[in-house]
Amino acid sequence: MSQASSTDTPFVIAGRTYGSRLLVGTGKYKDLDETRRAIEASGAEIVTVAVRRTNIGQNPDEPNLLDVIPPDRYTILPNTAGCYDAVEAVRTCRLARELLDGHNLVKLEVLADQKTLFPNVVETLKAAEQLVKDGFDVMVYTSDDPIIARQLAEIGCIAVMPLAGLIGSGLGICNPYNLRIILEEAKVPVLVDAGVGTASDAAIAMELGCEAVLMNTAIAHAKDPVMMAEAMKHAIVAGRLAYLAGRMPRKLYASASSPLDGLID
């Protein structure tokens, strides 16, 4: 998918430029064929994979997800879903690098509990610091706290990914004001991660000025995942164009579209 506009700045992650600003996950689909078709329909170029839950080569006797999303076609973004402390998360990233032949790009997420799946920001900061020291390019799932987002960027994370709502909730953009503060201060790309439920949510995230959006459940749990994937592709482009175009100001009173001056009485 091409850039939204010829005047747009490129979307760059770890030195590589991408045409699509939609990143997608691979979980919760009914089978690998549906996974493949939905990802193709989304136009995504970066696909995230839960290393602890998905076979990407560590189990030779099981179906390998990389047969469906080949690394020569997609940028594989291994993530640490299912990790609840920094030690686990760092170990998982090191395993991913080994399985993917030295691949340094990772998505860090350290969860606080199974009920909310909120990020444990204390453990996230610890893990991020170690991973950056180890030479990883870290994209990091975090809360919508602007201070934590700033600290993660200062540590050396290449992108911060604040939640818009709880993972898998479909609640949409719950706190656009915090996201705006993060975006105003950002010195690295900001991507919404978690909470998107439908195409309008993705468009809103992009209209706020986010560089991109990552989603999984919104597509995989739709009645028609392949169709929703295509809807999300268009929503991302529409939202980015709207952001670049600039929204009209809100007004308390009406303003006629057609002037009355010069009309025949």
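Every residue, even glycine, has its Cβ placed from backbone N, Cα and C.
What you see is a predicted model, and the numbers here were worked out from it, not measured in a lab.
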One of GLY156, GLY168, GLY246 listed by Swiss-Prot as binding 1-deoxy-D-xylulose 5-phosphate at the site of ALA194, GLY195, ASN216, THR217: GLY168
Cβ-based isolation winner (fewest other Cβ atoms within 10 Å) among the binding-site residues ASN216, THR217: THR217
Which of GLY168, GLY195, all binding-site residues, has a Cβ with the fewest other Cβ atoms inside 10 Å: GLY168
Which same-chain residues, if any, lie at least 6 apart from ALA194 (1-deoxy-D-xylulose 5-phosphate binding site) yet have Cβ under 8 Å of it: LEU117, TYR141, LEU163, ALA164, GLY165, LEU166, ILE167, GLY168, SER169, LEU214
